Amino acid sequence: MVIYEGEVRVSFGNIGRSNISMRALFVAEKNDAAKSIAAILSRGTSTRRDGRSRFNKIYQFTANVGQNPGCYVAMTSVSGHLLQHDFPSSFKNWTETPIKVLFDVNVQKSTIPGMEDIRATLIEEIRKSDLLVIWTDCDREGEAIGAEVVSVCTQVNCNLDVYRARFSEITNAAVNRALNNLVRLDQRLVDAVECRSELDLRIGAAFTRLQTLHLRNNFGNIFRDKNIVSYGSCQFPTLGFIVERYKAIKEFISETFWKISMKHTRDDILVEFFWDRQRLFDHNVVQVLLDDCEEAREARVLSVIRKPKSKWRPFALDTVELEKLAVRKLKFSAKETMVVAERLYNKGYISYPRTETNKFPKDMDLNIYVQQQTVSGEWGDFAQEIAVRGPSPRNGSKTDEAHPPIHPLKFATANELIGLEWSLYEFIVRHFLACLSVDAKGQETKVQVRVGNENFTASGLIVEDYGYLNVYKYDKWSDKILPSYRENELITSYQLQITEGQTQPPQLLNEADLIALMDKYGIGTDATHAEHIETIKTRQYAALNNDGRFVPGYIGLALVDGYDQMGYAMSKPHMRADLESQLKLICLGQRNRDDVLKEQIARYRAIFEKAEDKIEMLSNALRQYLNQRENLPETTILEHQQNNNPQLPNNMRVATSRAPLTPRNSFSTRRGKNRKSGSRGARRSILETVVNEEQLATTNASDIELLSSLSILHSNSGTRGRTKAITSAGGSRGRGRVRSVQKRQCSCGQAAKRLIVKKEGPNHGRAFWTCSKGRDNPEKCKYFEWDGSRNNESL
């Protein structure tokens, strides 16, 4: 068996054989890649013949390999992974095999169904070859696929010499450089993939059999013999993100807020000033503040600040960002993005699309790729400007030390590439040029005015240089004209009014959001994110609504709830993220494959044994959702989905995403209060104005004094003629005993102000009293007292 070393450069002294023509087999990961690489190495003279697989051709040519100037080369390809981990046939019967033994039984490698012809081609070709060169993609999976090719080939040619070509793009320079600098396969990367693959088999098979058989026994009308309720340690956390967001929206209780808006017209321009407090949740308080503003009768311009403002150009493009931006800007799915990107790569239009790097190497000549784009009728002039000025990339901080950021390799037109290929290629080119150009620049003006005790701010923008935006049509930045104002100027002709709004729940996750969460928590890799998302869609654990956002199905909800109720956070990202970190350590040579396997198997076996005892919780969770479905009105179900999938909740079947997410009367998980729903103002006495913690957090020094003495300051106001008690809810707003806030005096003899500790620590959220004078005022005393305490805590 061949021993694969790490990144070791190879001496070719042993490759050349005098007077004997050497024969080599080159194997790529896809047929398109094999075709392109063969065309480069043969300078366009390769000939094609058929192999056993009609999708994987053989390209013949001669090339200089090492010291052999006339090596005969047969170049073919696989179609991804060739082999898979599998259980012996005696353990494949689901009903006769105790599930628990799947954690311990020896596994074997077998040919993936459908790959037999590719395997036969490799065996036939390697019998006539002296040398094997692996040209698979240069990432972790590509290394493992290469090892699978080696495994098949060495079974029939044990004296085979094996090498690995490393490249990040299919260009003349990169391919020839790879051939002249062959290395050995990196066994550390292979071990990481083998570890992950074996764990996925054992864990996935055990939990899939457990939950599928249980649900079939309990819901035979839904789960028939062909229905598989699969489990995957990446698939489940991905589903967990979707369910968590969905539940947060269901449990969200919308609350009414009020804010004061100010508008002023000058030079025929309507200017909207925004309240510095933004919003408050008590109408009475807002009304008091508005009345105070109206009594002032004029607004004073406090400041007019002009400063430069920039809109930054994008970072160099890595895989995760490509997927997210393609979803958001191009409306692609993540799977479409990667499939199309791989086609563009195999055809030589872009660099390798699976990379964690978002910074270009300092020694990389970017001007070569810029010059290629100068002939474009759409962005050629922009590319020429960069070429003259010199590329100046906005680099990120990530690198995988293997591949550069994604960038175009050659110029193409809409006639060469059509449909999705052109859209993605255009995006990659525009992103590349934008990254190498300059930020957009402008001048921002902020005008702050004061009306009574309230401050309002308006902003304007003049764009002076659109910079990267001239080519990057996916971002927008435009002028917002603001008329001239002078500091200390008085304004009298303005309008003030109270506007009402409702707090809004977060949106359901789209694919871009989901990929960002998977990347953040280490679920899968940049190469597998799209695959895991596609799996939960295929299994109907979740589906996309009309807005392209994920709604979980009843099966998905029940799976998450069932395991949560058992006490195992299977849908949380931590377990899989830990495995991914261990796999990275294997790649670095810091962990041993067998040790990681042993630890992870023991961990999941322990959870499985307990889950097996509590499996009834899974069917109970599903039964609860199915009962809810039966009680929902039929009008919420789309006709074309009524009979197709009884496992989906009704809110996946509505024509829009609005109706099913209407908040219900439950406890809110937002704003930390677990408050019951209902009209805030309707249940309160008009004599009561509650000053709560959130209002205090947006109240300035003089406002506390204002609010705590409203009955004195506004006793003559027509709308507030009665005495109002200023109260605080002490803990949860709107619940519990309401107590009066006693006014305090500081050491200066003036009314003290009441504030809330905002800094994290043991006193976070606690109210205190202090001198109302500004902190820069030299006459400010050192008075301090905790609210609710009269035991001489003052300083």
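A Cβ is built for glycine as well, from the same backbone N, Cα and C atoms used for every other residue.
Note on the coiled coil (601-628): residues 99-100, 103, 199, 202-203, 206-207, 210-211, 214-215, 218-219, 554-555, 557-559, 561-563, 565-568, 570, 575, 649 of its chain, located 6 or more positions outside it, place their CB under 8 angstroms from a CB of the stretch. According to TrEMBL, the feature coiled coil maps to 601-628.
Per TrEMBL, the feature compositional bias 'Low complexity' maps to 641-651.
TrEMBL lists 670-683 with the feature compositional bias 'Basic residues'.
Under the heading domain 'Toprim', TrEMBL lists 23-168. Mapped onto DSSP classes, the domain 'Toprim' (23-168) shows 45 helix, 44 strand, 57 coil.
The domain 'Topo IA-type catalytic' annotation in TrEMBL covers 186-608.
Look at TrEMBL and you will find 746-790 tagged as domain 'GRF-type'.
What TrEMBL lists as region 'Disordered' is 641-685 (among others).
Here TrEMBL flags 716-735 (among others) as region 'Disordered'.
Mean pLDDT across the coiled coil (601-628) comes to 92 in this model.
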